[in-house]
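Colleague: To start, I am sharing the structure in question, which I have written as structure tokens.
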Amino acid sequence: MKIGNYQLKNNLIVAPMAGVTDRPFRELCLRYGAGMAVSEMMSANPKLWKTSKSKQRMVHEGESGIRSVQIAGSDPQLMADAAQFSVENGAQIIDINMGCPAKKVNKKLAGSALLQYPTIIEEILKAVVNAVDVPVTLKTRTGWDTDNKNCVQIAKLAEDCGIQALALHGRTKACMYKGEAEYDSIKAVKEAISIPVIANGDIDSPEKAKFVLEYTGADALMIGRPAQGRPWIFQEIHHYLENGTTMDELPTQEVKAIMLGHVNALHEFYGEYLGPRIARKHVGWYLKEHEQASEFRRTFNAIDAAPLQIEALEGYFDNVAS
């Protein structure tokens, strides 16, 4: 699949997730089969660009793969400025967030709250597309609530405004992440527009990935929460789509190597104070299927020193192996 002039190595994309899809996680997912990874959203508020968190999000030098950066906001000019700032700092694709259902984002009339206001959406899309010379994509939801699903209208508007690919999550804003994603709306959008459509929502297995692609006719899949603690899910899905067979479960020692590599990368990227704290949630995701890990997770979450975290993980896997 192509977005503008950029050819993805496959049609599996890492969804932007605040506090998750930082550079270490993106690099890991790309290594294990993702065709592209979208960065966590950056606020269009320029007052926040100078914070240490925003500066870290803008570190793209030497990053592998296509650099897609997501921006969020509701003011057309500020969104245009944020897009330009992102491109100046290495973004090759700009993604506009109109899908986040979080109250923190929606109370500022950003994310999926914008779905109530197509006129503002049009102003934002035109402003961003006209502000940069790179492809602009849009991530959104099926509508505001089940009685107000306007994704086909928004998709047509996006195409008319010059958006070059659209990712659609199969839930409304009101649904948050409850219940199950539905794919009829994604199918309807795919039938209504000619730009690439990327299906998103509950794609948590190779079999589900194949079903969603075939049912919706989507050009690509975007995977978010199922990749938390399982970045190799992209490899599993790609193998299944290519060969029709499922891969064997990764050996425990390989999972250990992936996790230790990820935790070390977090320590290096964020430093000795923040790194161990951010590593905690990732380790929790990696071990969520381990029945024997609940007590270990409580112990691990109390460890503040990076070397002690590595030592604890080594010890945990030694115990599992024995």
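Using N, Cα and C of the backbone, Cβ positions are placed for all residues, glycine too.
As listed in Swiss-Prot for this protein:
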{"type": "BINDING", "residues": "Pro16, Met17, Ala18, Gln70, Lys139, Asn200, Gly201, Asp202, Gly224, Arg225", "note": "FMN binding site"}
{"type": "ACT_SITE", "residues": "Cys100", "note": "active site, proton donor"}
Colleague: Between the Cα atoms of Cys100 (active site, proton donor) and Gly224 (FMN binding site), find the distance and write it as a whole number of Å.
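Modeller: It is 12 Å, counting Cα to Cα.
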Colleague: Near Gly224 (FMN binding site), which residues of its chain come within a Cβ-Cβ distance under 8 Å, counting only those 6 or more away in sequence?
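Modeller: Result: Val14, Ala15, Pro16, Met17, Val20, Asn200.
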Colleague: Assuming the binding residues for FMN are exactly those in the record, Pro16, Met17, Ala18, Gln70, Lys139, Asn200, Gly201, Asp202, Gly224, Arg225, what is the maximum CA-CA distance in angstrom, rounded?
Modeller: 21
Colleague: Please report the number of other Cβ atoms within 10 Å of the Cβ of the residue listed as 'active site, proton donor'.
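Modeller: The answer is 24.
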Colleague: What are the non-local neighbours of Gly201 (FMN binding site), defined as same-chain residues 6+ apart in sequence with CB under 8 A from its CB?
Modeller: His169, Gly170, Arg171, Ala181, Tyr183
Colleague: Based on DSSP, name the secondary structure state of Lys139 (FMN binding site): helix, strand or coil.
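Modeller: In the DSSP reduction, Lys139 (FMN binding site) maps to strand.
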Colleague: Out of Pro16, Ala18, Lys139, which of the binding-site residues is least crowded by other Cβ atoms within 10 Å?
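Modeller: The binding-site residues Pro16, Ala18, Lys139 were compared, and Ala18 has the fewest Cβ atoms within 10 Å.
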Colleague: Which three-state DSSP class does Ala18 (FMN binding site) fall into?
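Modeller: Its secondary structure by DSSP: coil.
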